[in-house]
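Participant: Feature annotation from TrEMBL assigns domain 'MrpA C-terminal/MbhE' to B:36-84. Feature annotation from TrEMBL assigns domain 'Na+/H+ antiporter MnhB subunit-related protein' to B:97-214. The transmembrane segment annotation in TrEMBL covers B:63-81, B:102-120, B:126-144, B:156-178, B:184-206.
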Amino acid sequence: MMPAGLPFLFYAGAIGLLVIGISGIVLSRNLFRIILALALAEAGANLLLVLAGWHWGGSAPILGQGKALETMVDPVPQALVLTAIVIGVGIQALALALAVRAYRAYGTLDMRRLRNRMNRDIAAAAGIPAESSRDAPAGGRPTPPVPAAHRSGGGRA
Amino acid sequence: MRNLASLLFAGGLAFLLMAIAALLPFGHPPVLAGGAILEQAADQVGAANIVTAVVLGYRGLDTLGEITILFAAAAGLGLVLGRRRAGAPRDPDAGPVLRTGAALMFPLLVLVGFHIILHGHLTPGGGFQGGVILAAAFFLPLLARPGTPVDHPGLSLVEGTAGAVFIVTGLVALLTGGEFLQPLLGTGTLGTLFSAGTLPILYLALGLKVGAELAGLLARLADAETDT
Amino acid sequence: MSQIALTIALPFLAAFLLPVIGRVYEALARVLGPLVLLYCLWLVLQLWGTGDGHPVALAMGGFRPPMGITLYVDRLALLFTLLVSLMTLLLWPWQRAADSRECALTLLLAGSASGLALSGDLFNIYVFYELVSVASFGLVAVHRSGAAFVATLRYLVISGFGTVLALTGIALVYSQTGTLNLAQLAQLAPDLLAGPVGLAGFLFMLLGFGVKGELFPVNTWVPEVYATAPARASALLAGLVSKLSLLVVLRLLVLLYQQEQALQLLLLLGVLGVISGELAAWRARDLKRMLAFSSIGQLGAMFIAFSIPGNAGLLAGLALALHHLLVKPALFLLAAGWPGAVERLRGLARGGPLAAGLFVLLALSLIGVPPLPGFWAKMLLVVGLAGQESGYLLALAVVLGAAVLEASYLFRVVAQLYHRDEEAARPRPYLLDLGSAALAGAVLLSAVPFISPLGDWLAGTAAQAGDREGYIITVFPAAGRPLYSAAGGGKPALAAAGPLPEPKP
Amino acid sequence: MIWLVSVIVVLMLGAALAVLLLRNPVGAVAAASVVSLALSVLFVLLRAPDVAMTEAAVGGGLGSLILALSLRRLGLWRVEGDRAEQERDDA
C-alpha cells in the first residue's frame, strides 16, 4: 500500500522547482542567475515528466531481472527526459557563451542595462538620435567602462 | 510597469501550476504507448534496458534530433566565441599532483566511459552518460596543463563521422526497403553484449559524438582568451 | 513516400560532414548545402507528382504507432516541406559562405523545419522545435556585435522559457493520456483533455510553441533580433520559422483542442498581438523595427483566424500565412540595403527605382489592396470573422483598424521613398537580396490571375488539414483504433524481428 | 521512504531558493549542483536509473563545470565576493 503523502511530495518537488525557476527567469535581473533559473525550471519540468509515467511499487524498466512486465514503470517518459536533459545542457552552454560575449561588449550582466545599451546601439546603427530609445533611464549613468582590449565594437554600422 | 506585468505573469503561471497539481493523477498513470512498448520491446528490439530500446529504437528520430541540437549548440558556441587569438597568453600549469592525478585518471575514465556506452542496452547508462565521462576524460588533461593545444579539427572529425554513422545506419534501412532508422541485424539473445542488432553501434556513435562535442565545448569555454 | 524522411536526414548528414569535408575539399563544402537542398526540393516535387493527394502516415523505424514516431504527410505538410527547401535555398547565406558553421546551421534549420512540418508526435515536435531554435540562435548572432549578442541572449532566454512551458504542457498531456502520438491523442482528447489539466496543458504548449510564432506575451525578442540579425536570417525567421510555429498550433487545435475555451484563449492572445504589434509598428522610427512589429501584428491576425471554428478559419489562416511568407522576407531583404531610419529613406526611389517599386507593390499587398493576393487573404479573414459571435466581431473591428494603421505607417515610408525636393539617398548595392525580393514580387503578381484556382486548392488543403477523423484513420487504418489494442498484443511490426527470446529469470 | 523523500525534496527546494537568493555566484553554482544531485536521488527512487545517471553526470557534473568555466571567464570566480561589484551586478 502506498503511503498517502508520497506522490504528493514528489509532485510538490516538481511544481516547486518549476515555480522557483519561472519566477527566477521572470524576476531576476542578473543574467547569470536567469540562466541558472532556466536550468532549475527545466529540472522541474523533467521531474514532472518522469512522474507522469511513475506508479507506486513499480520497478525499473529493465528486463532479465526477474520483475514482471506489469510492475515496470512507463519507460517512455524516462527516454523523453534523457533527451530533454541533454538538450537543456546544450542550450545552457550556448547561453553562457553569449553571456560572456555580452559582458565583454558592455561590461555588465544586468539584463535591463544590457537592454538599454543594446537599444542605444541599434538606434545609433539606424541613424536615430539616442534620445529616442524610450527605455533609457532618465539621466542614468552608463556602466563603468570595460578594458578596451575586451571591447568588441558595440554597434555595427 | 514591465516589472509588474512580469510579476503578474509569473504569479499567474505559478498559481495555475499549483491549482492543476491538485488535479493530477497521483501515481496512477495511464500507461498506453508505454505499455505496448513494455510488452513488445524484447521481441522487436531485443535490448534488456527498455529505456535504451525507446531512446534508440522507438524514438530514434528524437535522439537524432537531440544529438543534432548538441551539434548546433557547439557550432553556435564556436561562432559566438570565435577563434583563439594568435599568441594569447595561457593559464599557468597546475601543480605536479594534479598533473599526475590527471594522467592516472585519464585511462580509467576512458575505460569507464566506453564500458557505460557499450553496456547501455543491458544496464542503466549509455551513450549520453558515457559520452559525458569521455568528455571529462579529455578535458581533465587540459585542466592540468592549460598549455596543451586542443585538437579541434580532430574532435570535429570524430563528431562528424560519428553523426554520419548514426544517420547512414538509418539510411541503410531506408534504402533496403524499411523505414528510416529501422534497427538492423536482428535482435540476438536478450541480455548479452552482442544483442539488440545495430543498437550498440548506434550508442557507440552517439557516445563518441556526444563526448567529442562536449569536449570541444568545454575546451572553448575554458580558453579564456578567444577573441576575434 | 518513405523517402520524405530524407528531407530531414540529408540536411543533417550534410551539416555533420560539412566541417570534415571543408578541411579536405573546400570547393565541395561550399556547394554541398545548396546541392542537398536542391535535391530535397526535387524529391518533394517528385513525391508531390506521384502522390494521389491522400495523406500518408509513416512509421519511423518501422515501429507501428503509437509506439514509434509517426510522420504525417498530408498536402499541408508536403507544401511546407517544399517551402522549407525552397526558402532556405533562396535565403542561403551566399555572402558569408566562407564560414562552414553558418552553412551547417542553415542546413540544420532546413532539416529540422522539415521535421517540424512532418512530425506527428508531440515530443518529436518539441525536439525539432528546439533544434530550429538552437540553429537560429547561431544564425542571428553572426554579426558578433554587442547588440547582436544581447538580442540573441534575450531571444534565447525567452525561447528557453518557452521550452520549459512546452515541456510542462507535454508532461501534463502525457499524465492525462499516456501517449504522445497525435492521432491517438486526437482519439482520446474529447474524453481526457477537455478538463482543466488538459486546458492548462494547451496554454503551456501554446505559449511554448508560440515563441517562434511571435505570439503575444512571448514576443519581446522580435524587434531586437530582426534589427541586429543579418537580413537573410531575419527573413528566414519571420517568413518561414514563424509559419512552422503556426503549423504546430494548427495541429494542436485541430487534433487535440477543438473546444471553445481553447479557441477563445487563442482569439484573445491574437487580438492582443494585433493591437500591440500594429501600434508599436506605427510608432517605430526605423524600417526594420517597423517591419518586425508589423510582423507581430500580422501573425496575431493569423492566430485570430485559427481561432475561428471550422475550416473557414483554417483557410483564412493558411492564406494569410502563405501571403506573409512570401511578402515579409522580401521586405526584410529590401530593407537590408537601405539606411535604417525612415527619415533617411528620403528620395531613395531615384537611386533605386526597382527596389522602391517592389516595396510599394509588397506594401500594397500587405495592406490588402485589391486585386493583389493580400486582399483575398484578408477578405477570407474578414468574412470568417463576420459570420461569428460577439468576441469575434470585436476581433473584426481590431483587424480592420489594424489595416488602417498598416496603411498609415507603410505609406509614411512610401512617401519618404518618393520624396522629391531633397538630396537623394543612395541604397547600398545588394543585387542578390534585390533579386530574391524581385522574385517574390514576380510570384505575387503572377498569382493575381490565378487567385480563384489557388483559392480552391488552398481550400482543399485546409479541409484536409482540418479533417480530424481522416488524420486518425490514416495513422490507425484498422477501423480508426490503435493497432496494438485491436489485435490484442499483435504481431511485431518489424520485419527484422527474430524468434521470441524468453526474458532471463 | 516517506522521510527520505521529504528530506530530499526539502533539500532540493531549499537549494533551488538558494540559487536565486545567494549573492555569491560561486555559491549559486554550488547550490545548483546540489539541486541536480538531489534530483538524481529522486530519479533513483522513481525507478528511473538511466535518468538519474544522466542527471548526475550532465546536470551535476558537466553543467556545474560549464557554469564554473564561464564564471571564470566572466571574472566572477571568487569565493569571497567583492560586495560593491556584486551589488552592481545584482542591482
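Any Cβ shown, glycine's included, is placed from N, Cα and C.
TrEMBL does not curate its annotations; it predicts them automatically.
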Participant: So how many of the residues in the domain 'MrpA C-terminal/MbhE' (B:36-84) end up helix, strand or coil by DSSP?
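Facilitator: Secondary-structure composition of the domain 'MrpA C-terminal/MbhE' (B:36-84): 40 helix, 2 strand, 7 coil.
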Participant: Using DSSP, what is the helix/strand/coil residue split across the domain 'Na+/H+ antiporter MnhB subunit-related protein' (B:97-214)?
Facilitator: 80 helix, 0 strand, 38 coil
Participant: Using a Cβ cut-off of under 8 Å, list the residues of the same chain at least 6 residues beyond the transmembrane segment (B:102-120) that approach it.
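Facilitator: 49, 52, 94, 126-127, 129-131, 133-134, 136-137, 140-141, 143-145, 193, 200, 203-204, 206-207, 211.
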Participant: Please indicate, using numbers and ranges, the residues of the same chain that are 6 or more beyond the transmembrane segment (B:156-178) and have a C-beta under 8 Å from a C-beta there.
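Facilitator: For the transmembrane segment (B:156-178), the far contacts come to 60, 64, 67-68, 71, 74, 184, 198, 201-202, 205-206, 208-209, 211-213, 216.
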Participant: In this predicted model, what is the average pLDDT of the domain 'Na+/H+ antiporter MnhB subunit-related protein' (B:97-214)?
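Facilitator: Over the domain 'Na+/H+ antiporter MnhB subunit-related protein' (B:97-214), the predicted model scores a mean pLDDT of 81.
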Participant: Residues sitting near the transmembrane segment (B:126-144): Cβ under 8 Å, six or more positions beyond its termini, same chain?
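Facilitator: Residues 49, 52, 55, 93-94, 98-99, 101-103, 105-106, 109-110, 112-118, 120, 150, 202-215, 218-219, 222.
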